[in-house]
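These notes concern the structure reproduced below.
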Amino acid sequence: MNPSISTAGAVVDDFQMSCRFSNFGDHAPESFDSLSCGACFYFIFMLVEHYKDRYVASLCEDTFGVLVCPVDVSDKICNCYNREYVYNIPEFALNSSRIKPLNHLRLDPPLPFQFDLIVKDCCSAARYCCRNTLVKYHHRVDDSPCPPTWDGWNCFDSATPGVVFKQCPNYIYGGSNIKTDYDRLSQKVCRSNGWATPEVNAAAREHTDYTGCMSNGDVEARILAGLLTYSASVIFLIPAVFLLTLLRPIRCQPMFILHRHLLISCLLYGAFYLITVSLFVVNDAPLSSQVFQNHLFCRLLFSIQLRYLRLTNFTWMLAEAVYLWRLLHTAQHSEGETLRSYKVICWGVPGVITVVYIFVRSLNDDVGMCWIENSTVAWIEWMIITPSLLAMGVNLLLLGLIVYILVKKLRCDPHLERIQYRKAVRGALMLIPVFGVQQLLTIYRFRNVCLIYRLLHKSFCRRMCSEILVITSGEAGSRS
């Protein structure tokens, strides 16, 4: 944190009513509000790589706000006296006539949706710290070597020598829908002569260690788990699809046509996951810059993977359940049935829903990083969630009906009751991954610690589904 601002002129005459800002001196509460709010935006967004290289940004010495200019703008124009380039949130600014509202700022790539509300959370925390911690310090007897201070993100009360820990606030992650999944902590060291500076440079500025707030290890573990599990899933699914396509005795049977399309849907989802992660997400990915630009190409690819192919998974699972229930309920089927209506509905309806989703989101929430995250406008995301939940609910109902029909049919021989129930239970367990009922276990958004389990669970269920269908295919082929 090193924006240029003089601390000597920042010290207020009435020291009894001042708020301390680490490295920036003591300020009157109103001046503190303005300076700390500009600093909140600066520290959250303008130190990020893709903005740091494209824009000149610094805190204005008059504490009115933060100066933000494209790198190609002349210094004669880019200065704190030019209102066109000075931004702050009006309700926190010392003089709102000298700044432009922060929500008027437009950067390339775009800032997150409602970024000004994220900054406002930080500004409010700074104001609360000033009024409730920093000012009160001057009205009490306190011999602590480290005075209370606002460091730009967190509020620290006076401290004795040692390490002070503070929970990482959500706003430092720069996204309104990002929440810390467990308690990460920043730390600030208090020494006998005051708050510590980095050991390597005794003349350095006051320092808070926020490395404990970083989640890079979690992200890397999740990416690695995803790559490994979906690679295994694709490896298992490819031979399964080939077997269902090439085995003559079964390739034209309606039930196995459904199996084949379900596995193709799962295969495409896994393949697209590997493609998108390799192109956009991993370190040194060739198209990673498109994520920050919210490029149309990456939005399209992620929409196909995360919306269209996910919906096709659910529609083909539903098709499996509907066809099996119809088969058991009516005891009629045609060996030459092409299932054209199933194909049109299961591949077509998700396509229509996805196209509508893309159109609606582009009008109402056309921000974010390639739409990897859910839309911040909740009702838009329910366009995908509702049909998925509906498909799972119907599948759960049909699973119960199918088990009931199986038990009823198996009771024809009263002497084999234990075997009958064993067969019914085994049949029901085999149908769970085929119908996708296990997806109900992952509706809850797991903590980061459990996301690896979630990836393993999804991939395992796809692999188990392919194994079950291949085994049943082999049995059917051997009987034909």
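Glycine is no exception: its Cβ is also placed from the backbone N, Cα and C atoms.
Per Swiss-Prot, the features are:
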{"type": "TOPO_DOM", "residues": "1-222", "note": "topological domain 'Extracellular'"}
{"type": "CARBOHYD", "residues": "Asn95", "note": "N-linked glycosylation site"}
{"type": "TRANSMEM", "residues": "223-243", "note": "transmembrane segment"}
{"type": "TOPO_DOM", "residues": "244-261", "note": "topological domain 'Cytoplasmic'"}
{"type": "TRANSMEM", "residues": "262-282", "note": "transmembrane segment"}
{"type": "TOPO_DOM", "residues": "283-305", "note": "topological domain 'Extracellular'"}
{"type": "TRANSMEM", "residues": "306-328", "note": "transmembrane segment"}
{"type": "TOPO_DOM", "residues": "329-343", "note": "topological domain 'Cytoplasmic'"}
{"type": "TRANSMEM", "residues": "344-364", "note": "transmembrane segment"}
{"type": "TOPO_DOM", "residues": "365-386", "note": "topological domain 'Extracellular'"}
{"type": "TRANSMEM", "residues": "387-407", "note": "transmembrane segment"}
{"type": "TOPO_DOM", "residues": "408-423", "note": "topological domain 'Cytoplasmic'"}
{"type": "TRANSMEM", "residues": "424-444", "note": "transmembrane segment"}
{"type": "TOPO_DOM", "residues": "445-480", "note": "topological domain 'Extracellular'"}
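Against the transmembrane segment (306-328), stretch 387-407 has more CB pairs under 8 A than any other of 223-243, 262-282, 344-364, 387-407. Long-range Cβ contacts of the transmembrane segment (344-364) within its own chain (Cβ-Cβ under 8 Å, at least 6 residues beyond either end) map to 261, 299-300, 303-304, 307-309, 311-312, 315-316, 318-319, 371, 375, 377, 380, 383-384, 387. According to DSSP, Asn95 (N-linked glycosylation site) is assigned to coil rather than to any helix or strand. Broken down with DSSP, the topological domain 'Extracellular' (365-386) shows 9 helix, 0 strand, 13 coil.
When pLDDT values are averaged over the topological domain 'Cytoplasmic' (408-423), the model yields 60. Proximity of distant same-chain residues to the topological domain 'Extracellular' (365-386), defined by a Cβ-Cβ separation under 8 Å and at least 6 residues beyond the stretch ends, is recorded for 110-114, 175-177, 280, 290-292, 294-295, 298-299, 301-303, 306-307, 310-311, 353, 356-357. The list of residues near the topological domain 'Extracellular' (283-305) in space but at least 6 beyond its ends in sequence, with Cβ under 8 angstroms from a Cβ of it, reads 50, 108-110, 269, 272-273, 275-276, 354, 357-358, 366-372.
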